[in-house]
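In TrEMBL this protein carries:
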DOMAIN    A:43-257  domain '6-phosphofructo-2-kinase'
BINDING   A:ARG264, A:HIS265, A:GLY266, A:GLU267, A:SER268, A:ASP269, A:LEU270, A:ASN271, A:ARG314  substrate binding site
ACT_SITE  A:HIS265  active site, tele-phosphohistidine intermediate
ACT_SITE  A:GLU334  active site, proton donor/acceptor
Amino acid sequence: MLDKDVLEHGPRELHQNPLRKIWMPRTSNGLPQRPITQRRVCMTNCPTLIVTVGLPARGKTYISKKLTRYLNWIGVPTKVFNVGQYRRECVKIYKSFEFFRPDNEEGLKIRRQCATTALNDVREYLSVEGGQVAVFDATNTTRERRATIMKFAEQNGFKVFFVESVCEDPDVIAENIVQVKLDSPDYIHTDTEEAVEDFMKRIKCYESSYQPLDENLDKELSYIKVIDVGRRYLVNRVLDHIQSRIVYYLMNIHITPRSIYLSRHGESDLNIKGRIGGDSGLSDRGREYAMKLRKYIQEQNIKELKVWTSQMKRTIQTAESLGVPYEQWKALNEIDAGMCEEMMYEEIQKNFPVEFALRDQDKYRYRYPKGESYEDLVQRLEPVIMELERQENVLVICHQAVMRCLLAYFLDKTADELPYLQCPLHTVLKLTPVAYGCKVESIYLGVDSVNTHRNRPENVMAQRSTEDALQTVPAHF
Amino acid sequence: MSLIRNKITYNAPSNPRELTQNPLKKIWMPCKNGLPEKHISQRKVCMTNCPTLIVTVGLPARGKTYISKKLTRYLNWIGVPTREFNVGQYRRELVKIYKSFEFFRPDNEEGLRIRRQCASAALNDVRQYLTSGGQVAVFDATNTTRERRDTILQFADQNGFKVFFVESVCEDPDVIQANIVQVKLGSPDYTNCNSDEAVEDFMKRIKCYENSYETLDEVLDRDLSYIKIIDVGQRYLVNRVLDHIQSRIVYYLMNIHITPRSIYLCRHGESELNVKGRIGGTLFAKKLNQFIQTQHISDLKIWTSQMKRTIQTAEALHVPYEQWKVLNEIDAGVCEELMYEEIQENYPLEFALRDQDKYRYRYPKGESYEDLVQRLEPVIMELERQENVLVVCHQAVMRCLLAYFLDKTAEELPYLKCPLHTVLKLTPVAYGCKVESIRLNVEAVDTHREKPKNVDVWRLSEDALLTVPAHQ
């Protein structure tokens, strides 16, 4: 596919985008071209529709929300469309399981209507709003319903990938109901026993018409069947990169209760001086924090705690005080500030005022000259997240920017919020998965430190005054 | 070196240990009396505490050896010491001359005896390997009966090895035929047969196994850890993945394919920095474009790094390309943009350390080849998924990618020849990779520096700079 314009005018000139430091060709009239594809996650040419399949209380919504959170975090715009939500908006008050009876004509009509409305919103999201993946979260237990969805996808040029959850373990189902169904808007005015009873009857309404994805009848479809909460998987016809990543992710998550502890290293010598980056050691207060951390960990009495650090001295020193084995991950190293390494914000403003302003304009995508961006950090932390999903109790001792990225994943924060998340020194964040999300407890261990959090100043223009630029720089020695 | 973690009891010192930075790898390690203590585990691939035995299962000509060799190559490349043990090899060593399929007849007592013996000999070697530094052993044989697999499970249990089965199931006659043509006809077993005879004999050989074949069963084998690959990857059944390494193995196996294709590796065209002898080609780019046209490649994908020189090279091809940050050249840290002469003058110790162990040596505030491999793993994974791809990258990066495809060791990797203005065309064939080197007839400076004889830290400048390639 030859570019005639280039043939006539010679090779295109390259210009480095000042924010992201990406080299892009300029057209003959001097304007930057549309950015050449920058590899993040290999986009297929067409959007993907993920369709859940399964009886109620099989974890479809759990999987939908978690998968969506993961895909968004790695940079794939994704959204969940929960048909139950649509139903609740349509039928203001939930009366009982009778609504779901297979012979309830009115119920069926409403449910079909809700599915259609949801699919319309899916089309809007994927074709107009720039979405890349839509997760259609509903039971979709009949072949007929799935055929309807596939037709819809075909008409709109979407790829379809089914995620079926099959489980017959009564304990798992009971636990599921307790965790997420009892608090559902459907059961607000019902006591626990009644709610459980009603929900069990609701499940029964689906059972007789349930047609699981079949090895033969559905052999042309792309899908993963998750059996007994991940004991076993059936994977059929994975078509592209994004489906492969989805399968890998789903095969690594689990629901065993556990907690993830995130902490920064103790205060460092460079922290005290207000300098960023570098590889300095702990200050006296930092060492004190390390001892307090050890005490906290011991008191928590955590079963088989794994401890991870970066390969920078300050996190390792912190871990050393714990007196337990730890693993060093290079991927957990702090963001590389390139030419600004070990500078104070005042020095960055003095030497690179344009860079400093660009960073405030788009802190997530801004890449330091010869350094990294938050966006780069997320890409390098993806294997850490994947392994955190596999593990159980883990303490991660890392750095401010790194911790913000990890926290954003667990708390489903956007790219715009991420670089401004509060991750102060000497504070442990304990994350515990609960229902569809993550409970977070912040434990300050009582050791003073400098504040390293710099808020976005009001004036982010390149020509702002030094005063305006340094308005939000935290105090330092 | 295996990365087995030590179990240390919960015994916090009141004075935390001092840290010292290992001069080669720039890793901070605790030290006592100025000497480094036992090496704290460094995350590469999360090691389980016990070694893993991968056991293939399947009729002949189902790709077991192909999978075994490929998986072994991948695991070694990412730093997991792995070796395959092909029972057929053991049989060929014992029974010098292969006569016919009759050897494999289920009623051939002598044959059965020999085959059992070979399996045992192989398992002994497995035990030897896994207890002396090996992390993963791939036991490549048909293992088609539950009885045989029970024997192996017992062996693993006795020795504290985890077992992961990889079964390949395929009934597509075309695939099996192609398999036989690609790898069986060239086998030592059929050296003295013509094609037709060989194919006929091999088909009968397969028949010998069919009656007693007990595939991994959903119910009977539900407590085992395995992946069943059906019809060359159309479908997978994955059961009880126990740990990180098994999860990585499953992900890898699910991404590979056997569709014929070629991978083209080249560096950017010569850059100004190359010419001046500093570490950091329009004519080449044009020639590359011409070359690509002559190859008539269907659906070629082009990947570059995010460094200007690879992008400039790709621009000359006038087709879309994707930029990957992870394809950026190795970060030389404080040595960025220096000439070798300058590195020797300013950092003679670093320069010597690099020559002592070029694979593991990390530049101060920079990277090592070992780091490079870790960051390139997603590129390799995506290359496995893709078909025809041209990767325009850099010397150290290209060495890492090449080492993966050509199964080079960590010692060989940093010295692989990847000259400027040369395209390496890699085409999978049989169990490995054919490599064609196409020099695009454009003069370029040589950037390859061989390991000098003297790698001592107190060597003379001239000894250090002995192998530096000429430059302006």
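Cβ coordinates come from backbone N, Cα and C, glycine included.
Just so you know, TrEMBL annotations are computer predictions that nobody has curated.
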Cα separation, A:GLU334 (active site, proton donor/acceptor) to A:SER268 (substrate binding site) (Å, whole number):
13
Could you tell me which of these recorded positions, A:LEU270, A:GLU334, has the greatest number of Cβ atoms within 10 Å of its own Cβ?
A:GLU334
Can you list the residues of the same chain, besides A:ARG264, A:HIS265, A:GLY266, A:GLU267, A:SER268, A:ASP269, A:LEU270, A:ASN271, A:ARG314, whose Cβ falls within 8 Å of the substrate site's Cβ centroid?
A:ILE272, A:SER280, A:GLY281, A:LEU282, A:SER283, A:GLY286, A:LEU425
Taking 10 A as the limit, how many CB atoms besides its own sit near the CB of A:SER268 (substrate binding site)?
29
At its widest, how many Å does the recorded substrate site span between Cα atoms of A:ARG264, A:HIS265, A:GLY266, A:GLU267, A:SER268, A:ASP269, A:LEU270, A:ASN271, A:ARG314?
14
Distance [Cα-Cα, Å, rounded] between the residue listed as 'active site, proton donor/acceptor' and A:ARG314 (substrate binding site):
11
Does anything in the same chain, at least 6 positions from A:GLY266 (substrate binding site), have a Cβ under 8 Å from its Cβ, and if so what?
A:LEU282, A:SER283, A:ARG285, A:GLY286, A:ARG287, A:GLU288, A:TYR289, A:ALA290, A:LEU293, A:ARG314, A:GLN317, A:THR318, A:LEU425, A:HIS426, A:VAL447, A:SER449
Confidence summary for the domain '6-phosphofructo-2-kinase' (A:43-257), mean pLDDT rounded:
95
Can you count the other CB atoms that lie within 10 A of the CB of A:ARG314 (substrate binding site)?
31
Name the residues of the same chain, 6+ apart in sequence, whose Cβ is under 8 Å from the Cβ of the residue listed as 'active site, tele-phosphohistidine intermediate'?
A:LEU282, A:GLY286, A:MET312, A:ARG314, A:THR315, A:GLN317, A:THR318, A:ILE397, A:CYS398, A:HIS399
